[in-house]
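What TrEMBL says about this one:
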| type | residues | note |
| --- | --- | --- |
| BINDING | His11, Leu13, Gly38, Glu59, Asp87, Asn102 | S-adenosyl-L-methionine binding site |
| DOMAIN | 18-187 | domain 'Ribosomal RNA adenine methylase transferase N-terminal' |
Amino acid sequence: GILFNTGAGQHILKNPLVVNSIIDKAALRRTDVILEVGPGTGNLTVKMLEKVKKVIACEIDPRLVGELQKRVQGTCLANKLEIKVGDILKTDLPFFDACVANLPYQISSPFVFKLLLHRPFFRCAILMFQREFALRLVAKPGSKLYCRLSINTQLLARVDHLMKVGKNNFRPPPKVESSVVRIEPKNPPPPINFQEWDGLVRIAFVRKNKTLSAAFKSSAVEQLLDHNYRIHCSLHNTVSSFLIYYILFLCTVTYILTSEIPENFKIADKIQKVLKDTGYSDKRARSMDIDDFIRLLHGFNSEGIHFS
């Protein structure tokens, strides 16, 4: 009797074979605490409760919360279920071992990165996405679907496409096809400042078919990097001066180290020099892998150019 709000991504997974397949691929353990986002009426939730220690189900719709509560009320599963009501993107994630969910598709991207930046680490996430989004997650350099989402996700996690799920497995059927993806965070994570990394990747992928030399000639990009460079030089000069005065006090050393910016300084020239020196001036983001962007970021940082 419930009218599902398709505008909010409410498409209930109704095929028990697909539900069982998702649970099998999650390799759940008796001791697991599972995070589920968008449990709906609980088709996936109940099956997981039979196999794990606890399920934390996060649901924004009070009507569906009521349906889920009624479904387990009076059973041995009730004390293994914890329901959190609210917007998962606006709340802190609890501790969990694995995340298994048929997500509302409109929160796919922000939720993936909320997961990957969550600590402590979890074992894996088995998530249902819109097919095209799932294919972007696993896309490789050179693919038409390869984008900022692809490289950012693959920097932080191993991503595998597990299976396709047709529209008719849902009630009501969505307008798009779906896929199930496994995301396993890299532990330990790569020793990279993610804000810096994402700032570089964002610029490169705005026009992923352009050469990097052309992409970095945007006036907005040059203004941003010039601002960041001047801040970096100012901070470096302040720290250097403090250390020098301290050395002077202890050892009566009489030299001064500064990081002054020449009057004729142009950030555009410095950017193009870094691109040329690193060998990426004529490269295009669509064909660059994680190692390429790590080398490029190191090249910029070595010259005092930062992206966060």
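Glycine is no exception: its Cβ is also placed from the backbone N, Cα and C atoms.
Values in this document were obtained by computation on a predicted structure and should not be read as measured data.
Sequence features, as recorded in TrEMBL, placed on the structure.
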| residue | record | CB count, 10 Å |
| --- | --- | --- |
| His11 | S-adenosyl-L-methionine binding site | 25 |
| Leu13 | S-adenosyl-L-methionine binding site | 19 |
| Gly38 | S-adenosyl-L-methionine binding site | 25 |
| Glu59 | S-adenosyl-L-methionine binding site | 23 |
| Asp87 | S-adenosyl-L-methionine binding site | 9 |
| Asn102 | S-adenosyl-L-methionine binding site | 27 |
Average model confidence [pLDDT] within the domain 'Ribosomal RNA adenine methylase transferase N-terminal' (18-187): 97
